[in-house]
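Asks: Annotation source TrEMBL lists domain 'C-CAP/cofactor C-like' at 1-149. What TrEMBL records for Gly68, Ser69, Gln85, Gln86, Phe87, Arg88 is GTP binding site.
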Amino acid sequence: LLLQIDPKDYTFSGLKDETVGRLPGKVAGQQFVIQDCENCSIYIFDHSATITIDDCVNCQIFLGPIKGSVFFRDCKDCKCIVACQQFRTRDCRKLQVFLCCATQPIIESSTGMKFGCFQYYYPELALQFKDAGLSIFNNTWSNIHDFTPVSGENNWGLLPENAVVQDYVPLPSSEELKAVRISTDATRSIIPITRGRRQKSSDESCLAVFFAGDYTTANARKLIDEMTGKGFQLVQTKEVSMKAEDAHRVFQQRASEFIPLLEKGPVIALEFNGDGAVERCQSTINDVFSGTKVFVSESKASASQDVDNFYNFADMQMGM
């Protein structure tokens with residue numbers, strides 16, 4: 001039995017001064033359209049196929065995981081939280097976006113764009129990322145490509161490092177949407193918060209790579225908590241499949257001990273930054289993950305090469 005899909009259920013159009021949204025389970029991978037809205041708060045607490053946002057002004061928008069692309073056109077003065085495979089804007093002015101994007105975000109004919117790292121939690125969000133085929137570790141939020149640069153001007157920048165999501169996109173005020181158990185506490189964010197392209201605080205970075213298994217995600221999260229709790233910064237994360245020849249390029253002479261682990265599935269790589277990062281990362285892995293095979297940089301000298309080797313390989317894989 002084919003259920004008729006009514007486009008009206010997947011559209012917000014021509015709204016003014018309203019709070020509207022969809023609860024978890026209500027969009028379920030369909031495409032969604034948001035257009036001609038002014039001064040609205042819009043929340044899609046579910047995963048979707050694609051979303052287009054056209055001619056919206058002064059709106060606050062939360063978009064749960066989008067399997068394909070999200071496209072903002074002719075929007076201005078909007079504050080957004082977005083997770084997607086592809087992110088594009090055209091003819092937009094003054095958008096502030098907390099972004100999780102698996103590929104390089106693209107802006108075109110847009111000015112006054114500001115980006116930060118996606119940070120958000122509600123209980124259904126992890127499964128929605130899975131349903132949308134997105135990894136919480138693949139987030140190139142700060143690696144913006146400006147399709148139409150203007151010489152001498154910068155059309156985009158990064159949000160302040162201490163920007164608080166809730167100051168931009170407040171929690172929903174409507175009774176229906178209050179049922180979603182949201183936390184905007186950065187430490188609970190489903191997406192690990194990364195520095196991305198921000199200036200690094202130290203010339204010492206460290207690469208840690210976890211191999212596929214039952215607890216890979218939990219282990220990666222645990223190491224992030226341990227390291228950031230000690231004041232180190234998480235620069236970038238990546239989840240990607242590796243082949244034997246990739247292992248030789250990245251793990252060099254230690255490749256043979258890791259190659260058998262690659263068949264189980266993708267690896268999760270983390271780059272930490274800070275003085276003493278290598279030593280702290282090694283000791284944490286020995287203390288907390290003894291018995292788990294983890295690749296970790298051997299010295300400060302080799303670490304930056306490890307990081308470069310891994311991300312050069314990964315960026316080629318991801319078609320960046």
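Note that the numbers count up from 1, one per residue, in the order the chain is shown.
Placed from the backbone N, Cα and C atoms, the Cβ positions cover glycine too.
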Asks: How many other Cβ atoms are found within 10 Å of the Cβ atom of Gly68 (GTP binding site), counting all protein chains shown?
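Replies: Gly68 (GTP binding site): 15 neighbouring Cβ atoms within 10 Å.
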Asks: Show, in sequence order, which residues other than Gly68, Ser69, Gln85, Gln86, Phe87, Arg88 on the same chain lie with their Cβ within 8 Å of the centre of the Cβ atoms of the GTP site.
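Replies: Once Gly68, Ser69, Gln85, Gln86, Phe87, Arg88 are set aside, the remaining close residues are Thr50, Ile66, Val70, Phe71, Cys84, Cys101, Thr103.
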Asks: Relative to the Cβ of Gln86 (GTP binding site), which residues of the same chain, six or more apart in sequence, are found under 8 Å away?
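Replies: Correct list: Gly68, Ser69, Val70, Cys101, Ala102, Thr103, Ile106.
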Asks: Can you tell me how spread out the GTP site is, meaning the largest CA to CA distance among Gly68, Ser69, Gln85, Gln86, Phe87, Arg88, in Å?
Replies: 11
Asks: Could you put numbers on the helix, strand and coil content of the domain 'C-CAP/cofactor C-like' (1-149), residue by residue per DSSP?
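Replies: Each residue of the domain 'C-CAP/cofactor C-like' (1-149) counted once, the result is 11 helix, 73 strand, 65 coil.
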Asks: As a test of the contact definition, list every same-chain residue at least 6 positions from Arg88 (GTP binding site) whose Cβ is closer than 8 Å to its Cβ.
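Replies: The answer is Ser69, Val70, Phe71, Phe72, Pro105, Ile106, Ile107, Glu108.
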Asks: Across the domain 'C-CAP/cofactor C-like' (1-149), what does the mean pLDDT come to, as a whole number?
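Replies: For the domain 'C-CAP/cofactor C-like' (1-149), the model's average pLDDT rounds to 96.
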